[in-house]
Amino acid sequence: MDYLWWIVLLIWTLIAPERGTVAQRSKSNVPRLKPSYKEMLESNNLLTFNGLANSSAYHTFLLDEERGRLFVGAKDHVLSFNLVDINMDQQLISWPSSPSRRDECKWAGKDVQKECANFIKVLQPFNQTHLYACGTGAFHPVCAHVEVGKRSEDNTFRLGSSFENGRGKSPYDPKLQTASMLIDGELYAGTSADFMGRDFAIFRTLGKHHPIRTEQHDSRWLNDPRFVSVHLIPESDNAEDDKIYLFFRENAIDGEQISKATHARIGQLCKNDFGGHRSLVNKWTTFLKARLVCSVPGLNGIDTHFDELQDVFLMSSKDPKNPIIYAVFTTSSNIFKGSAVCMYSMADIRRVFLGPYAHRDGPNYQWVPFLNRVPYPRPGTCPSKTFDGFESTKDFPDDVITFARSHPAMYNPVFPINNHPIIIKTDVDYQFTQIVVDRVEAEDGQYDVMFIGTDMGTVLKVVSIPRGTWHDLEEVLLEEMTVFREPTAITAMELSTKQQQLYLGSAIGVSQMPLHRCDVYGKACAECCLARDPYCAWDGSQCSRYFPTAKRRTRRQDIRNGDPLTQCSDLQHHDEADGEAGLLDKTVYGVENSSSFLECSPKSQRALIYWQFQRHGEDHKLEIKSDERVLGTEQGLLIRSLHQKDSGVYYCHAVEHGFIQTLLRLTLNVIPAEHLDDLLHRDPPDTNDPANGKMWYRDFLSLINPPSPNSVDQLCEQVWKRERKQRRQKANLLHASQSHTSQILHSSQSHAKWKLLQENKKGRNRRTHEMQRAPRSV
């Protein structure tokens, strides 16, 4: 068989699915749209800063809406970006470690490039004109003030001249996380406080008070924690009750788990805690912690836990005392890889902190609830001279301090709202790393739109929609967008409601993307409704940003059901007319008894594809059913063996939520097999010709990387034309070569005769003569 057709057969064998009926996989949990990095750039929906040549680790973000700037801490640098466009008006501060510090770090056995540098870990607003920044300082933490000016017009961005010791504010090791927040001139930070990375603590530094921290070397307080975030949440209208909440994960305390495990935690501190008088001096006296549970109940009573807390976002509500907490978790197991998002209410958290304390008791010294008398005031309560008469924690009785020291953990865990995650991902090749949430006003209510970063450089846009009640939520994955040029973990995310933009940080750079891309959903009312994006609605002419104003009553939107038949039924004929006008027409050719693949892929990954066939000269259309010869796939229609009766027009339709859209009209012409010899008539290929080997390789590459659906037809046509051209060129070259050789031979013979005649004339008296020989040209 001709080598080209062997290659065609090989390629179709590779791309064709297994024989038999292929069941449609569930599409409810896949993103409706999945644009690539290139598509995001080409659609002007992504701006990227690809990093500095001598820097990396763009992990620390500080969003300043008033100045319109995004401050980013990286390796040896602090950067300032314009919120409108991160590639416009960039500012840079270089803050490397001193050569002596780098040498000391190197002599300690640390990596010069990855560890012996100043990795910025803390960026907090200090006052109206300055930021407070801290870095690892090549394993010698250092802090300084950064002047940014009072207004953006000041165009000020410079590092202060005085530096402070960063111990208790920034970790020594750049691989360790730090959670920090600057409140009323005091810095609350969860970090490591020693060179070896073993002394983890929650610190309060700066301000007019003495620094304070958690108890040292006591695993009941902290057991090798990894801090995630710090938040101030008011407890009541009385400022004396304000509490600081810390989110972290740590190793389970002995006895909590049979094997070594990680638990997610929430910890609380009173803002007005100044330590004890005789015990716990300069140590927290109001520190309590509880386990955060995010699990899926099992049928056999064994729950599947997501214990690795990765990120936390607080969604503000009308009541500042009761924000909704969104938390991202991953699994600890190396076998089972998954991610989840759970929601928590402050009411449930406060109920746990008012519940029983964890206490070791019994013959096995296991953890049980403490049921004896609890000293007054209850440990964990903030001092208040208004209610309990204690002006400071230094006034607490000794039994309160002693109890607080030995009972920092609560017995009951905090369960998520509805006792179930709102999002679970276990069948994907990525894990969640970051989350931000935006509350969006839609036509039928408010929705929280989640933007979730992954460890593969993608962002998921997800909205939770109530099926019947708010206790039964449906996860709708709108988009999965690639926002970095290569797979890399997203380690920082900030959302600007003013600019309606999302900012993302990673080890290799910073990216910016809009919160909504309504124009990409399509040009029809039905496509806009099918998107179920709370940001978008059909305005009568296009899918555009939805604004909840009384003047725009013609907006069409259905987030809860996504039903285009109810929202756009009166526009169906208009959409169909537009669809017919913009329908893609293609013509392809196939050879009888060979294979052919008709490619058709819908924009929406949730759409189902079906095909119709119309013979030439007929009006009615027949639906194509998959069988042994014809196989429908998600990428198109594969006809294993073409017949003459397969010639005709093929229609590719996408069906989603009852809405049918025609994507492609394709005309297939089948060439009879008896014409094949005439079309492909040529000499057998010379396998010893190196040029022919190159043709084999080029033809093979063209087949395995087709530029278009009918690339095989185009390739065959190119090969036929090329071979005919080569035959003509070969014949012309042979004829020209023969003519040229005859001319040279004739000329050479004439020249030889003339030369011989001249030699005979000159050398008649010579005794010797040279041997006569033909010229080399002959």
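Note: Cβ is positioned from N, Cα and C throughout, glycine not excepted.
So that you can see what the record holds, here are the features copied from Swiss-Prot:
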SIGNAL    1-17  signal peptide
DOMAIN    32-515  domain 'Sema'
CARBOHYD  N54  N-linked glycosylation site
DISULFID  C105-C116  disulfide bond
CARBOHYD  N127  N-linked glycosylation site
DISULFID  C134-C143  disulfide bond
DISULFID  C270-C382  disulfide bond
DISULFID  C294-C342  disulfide bond
DISULFID  C518-C536  disulfide bond
DOMAIN    579-668  domain 'Ig-like C2-type'
CARBOHYD  N593  N-linked glycosylation site
DISULFID  C652-C716  disulfide bond
REGION    727-778  region 'Disordered'
COMPBIAS  735-751  compositional bias 'Polar residues'
COMPBIAS  756-778  compositional bias 'Basic and acidic residues'
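Local packing around the disulfide-bonded residues C143, C518 was summarised as the count of other Cβ atoms within 10 Å of each Cβ; on this measure the leading residue is C143.
Annotated pair C270 (disulfide bond) and N127 (N-linked glycosylation site), C-alpha to C-alpha distance, rounded: 23 Å. Reduced to three states, the DSSP call for N54 (N-linked glycosylation site) is coil. Its Cβ placed at the centre, C382 (disulfide bond) has 23 other Cβ atoms within 10 Å. Calculated from their C-alpha atoms, the gap between C105 (disulfide bond) and C536 (disulfide bond) amounts to 53 Å. Taking the Cα of C342 (disulfide bond) as the reference point, the closest of the disulfide-bonded residues C143, C382, C536 is C536.
Taking the C-alpha atom of N54 (N-linked glycosylation site) as reference, the shortest distance to any of the recorded positions N127, C134, C518, C536, C652 belongs to C134. Under DSSP, residues within the domain 'Ig-like C2-type' (579-668) fall into helix, strand and coil as 6 helix, 47 strand, 37 coil. Applying an 8 A CB threshold to same-chain residues 6+ apart, the list for N593 (N-linked glycosylation site) reads S641, L642, A673. The secondary structure of N127 (N-linked glycosylation site), as reduced to three states from DSSP, is coil rather than helix or strand. In the three-state DSSP assignment, the secondary structure recorded for C382 (disulfide bond) is coil.
When Cα-Cα distances from C536 (disulfide bond) are compared across the disulfide-bonded residues C116, C294, C382, the shortest belongs to C294.
Taking the C-alpha atom of C116 (disulfide bond) as reference, the shortest distance to any of the recorded positions N127, C134, C652 belongs to C134. The closest partner of C143 (disulfide bond) among the disulfide-bonded residues, by CA position, is C382; the full candidate set was C294, C382, C652. According to its DSSP assignment, C518 (disulfide bond) is helical. Every protein chain shown contributes to the tally, and the Cβ of C270 (disulfide bond) ends up with 23 other Cβ atoms within 10 Å.
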